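A.B. asks: Sharing the features that TrEMBL gives for it:
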SIGNAL    1-17  signal peptide
BINDING   D64, H173, T175, E341  Mg(2+) binding site
BINDING   D64, D346, H350, D386, H387, H469  Zn(2+) binding site
ACT_SITE  S115  active site, phosphoserine intermediate
Amino acid sequence: MMQILIGLLASITVINGASFQYKSPNADTAQYWESYNQKRLQSLLENLESSSTVARNVIIFVGDGMGIQTITAGRIFKGQRVNHVSGEESELVWDSFRHTGFSKTYNTNKQVPDSAGTATALFCGVKTKYKVLGLDSTANKTSMTQGQVHSIMKWAQDAGKRTGVVTTTRITHATPAALYAHTPDRDYESDSPIPAELKDTMKDIARQLIEDEPGSKFNVIMGGGRDALGATIKDAPLPPYNFSGGMEKSFPRSDGKKLAETWLLNKTDLSKHAYYVTTATELNKVDTANTEHLLGLFANSHMTYEALRNYTDEPSLAEMTIKAIEVLERKNSSGYVLMVEGGKIDHAHHQNFAGLALHEVMGLDAAVAAALKRVKDDTLIIVTADHSHSVTFNGYPERGNDILGFGNKPDVAPYETITYANGPGYYEHRALDNDTDTRFGTWKKVEEMDRSSPVYRHLATFPLGDETHGGEDVPVYATGPNANLVQGAMEQNFIAYIMSYSSCIGPAAKYNIACSAASSAASVQLRLALTNRILQLLAVLMVLLAKLV
């Protein structure tokens with residue numbers, strides 16, 4: 001009876017133009033999502049051939065905002081710009097991965113999510129609220145401990161694995177921050193945004209990275225974000241374009257802390273081989289074979305768009321990825337977990353920069369390709385997105401038509417193949433009141449606009465300062481040990497369980513019967529390595545004693 005009444009009420013509100021909000025039937029707490037993960041995993045294992053393989057390493061690539069429209073357009077863009085062919089038949093590297101699925105990206109309180117909630121789901125196995133990092137849906141605005149959950153990096157470190165994070169955003173931005181931070185507000189990247197009444201109890205994200213585990217134990221940290229770590233470089237080279245929008249704000253410190261210096265001092269005190277670099281030139285000089293810890297901060301805020309990187313001395317995402325793998329790979333280690341984010345796909349879409357977004361997809365594609373050439377078949381590789389965007393791929397363009405061109409038949413008014421439902425592109429395409437040469441009395445004639453600039457904005461049909469995310473499911477691609485767990489449509493938080501199960505870390509390791517065997521083998525290897533080392537030392541000691549005699 002209650003459900004019937006709710007349905008009638010919803011119908012009435014829709015007729016009246018109001019928006020009715022249905023209630024979640026689930027508790028949406030950490031316990032609920034963990035139960036979901038366990039049930040889905042057990043269901044999959046019952047219907048899959050048993051596997052005795054274990055992923056020694058895990059690399060998860062996140063294309064921030066890389067929904068299916070962006071992937072398809074990016075594939076065509078790659079074919080046209082790199083291979084100089086029509087493009088539709090081209091492939092991105094992950095197109096050939098055998099195992100694919102879809103993930104549901106909603107936050108516990110939002111149909112269309114943000115990157116904080118989605119990253120917490122991806123890396124901690126628990127869905128949470130909009131803007132919340134490392135806390136479940138019981139989080140409140142005044143606490144960084146209420147509802148605290150741990151990430152794959154904590155699980156990996158507890159299992160003795162090496163860990164690293166690479167991103168083209170600030171290292172304190174939402175996606176990377178979910179790997180190590182616990183905060184009710186993703187904007188607390190430095191001390192400056194934290195309200196005065198919370199400064200004594202709320203530790204900012206940058207400090208958590210440097211001072212607290214698991215961030216303080218990362219072997220590799222690379223991205224932008226010098227401002228938040230008190231390491232701003234004045235007059236750093238930048239492209240000659242004026243970028244605006246919500247994604248361009250930065251968070252310089254107001255407390256005077258020099259966290260990058262602190263990181264280096266802490267590692268030096270521990271007699272670790274640690275290096276802090278700020279340019280691609282410096283990164284190329286790092287001897288990765290003799291590096292235990294590497295901090296690379298290549299921009300004061302976010303890193304530069306791939307298409308404009310020639311204005312700077314910043315490394316590409318592929319270059320950072322290879323350096324990270326070289327530092328993380330150690331013959332006698334237990335393996336590693338690495339997160340690589342192509343974060344500026346999202347930033348470009350927020351400003352309706354379709355061309356820049358597709359260049360960023362190519363940058364991520366190059367990073368995945370570079371990793372595949374480097375790693376062995378004991379590495380689980382997952383490629384996915386945290387969410388989509390309100391970008392559309394439309395019209396009836398001819399086969400091989402420029403993906404950034406016009407999408408309709410030539411005998412009607414031109415419009416673009418790639419447009420947006422909302423965003424700042426509206427303002428650039430909207431005709432002024434005194435314009436007489438317009439289309440439909442509303443829009444400028446797009447074919448007469450200068451579309452050659454890298455910061456040209458594609459048409460958006462509703463005015464917003466920043467374009468919004470999209471709420472549809474996003475693809476998940478996987479290859480390597482236990483990649484067959486990626487199938488069907490899953491809650492986004494299940495991806496963390498796939499990594500946990502596959503690499504014998506965290507809560508799902510207990511369900512993998514191969515983990516105990518792998519642990520025993522690792523113990524034997526460790527004992528053998530220690531025995532060999534002791535024998536080597538004894539041999540040296542015998543030589544010294546012989547000389548004394």
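Residue 1 is the first one shown; counting continues down the chain.
Using N, Cα and C of the backbone, Cβ positions are placed for all residues, glycine too.
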A.B. asks: Give me the count of other Cβ atoms within 10 A of the Cβ belonging to T175 (Mg(2+) binding site).
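C.D. replies: For T175 (Mg(2+) binding site), the 10 Å Cβ neighbour count is 27.
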A.B. asks: If you skip the near sequence neighbours and keep only those at least six away, which residues in the chain come within under 8 angstroms of H350 (Zn(2+) binding site), Cβ to Cβ?
C.D. replies: G65, G245, G246, M247, H389, G423, D466, E467
A.B. asks: Would you find the one among the binding-site residues H173, H387, H469 whose Cβ has the most company, meaning other Cβ atoms within 10 Å?
C.D. replies: H173
A.B. asks: Once near-sequence residues are set aside, which residues in the chain of D346 (Zn(2+) binding site), 6 or more away, have Cβ atoms under 8 Å from its Cβ?
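C.D. replies: Result: D64, G65, S115, M247, H389.
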A.B. asks: Please report how many Å separate the Cα atom of H173 (Mg(2+) binding site) from that of D386 (Zn(2+) binding site), as a whole number.
C.D. replies: 13
A.B. asks: If the Zn(2+) site is taken as the center of the Cβ atoms of D64, D346, H350, D386, H387, H469, which further residues of that chain fall within 8 Å of it by their Cβ?
C.D. replies: G65, D114, S115, T118, I345, H349, A385, S388, H389
A.B. asks: How would DSSP class H173 (Mg(2+) binding site) in three states?
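C.D. replies: In three-state terms, H173 (Mg(2+) binding site) counts as coil.
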A.B. asks: For E341 (Mg(2+) binding site), what residues in its own chain, 6 or more apart in sequence, show a Cβ-Cβ distance under 8 Å?
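C.D. replies: The answer is F61, V62, G63, D64, V165, V166, T167, T168, T169, T175, P176, G223.
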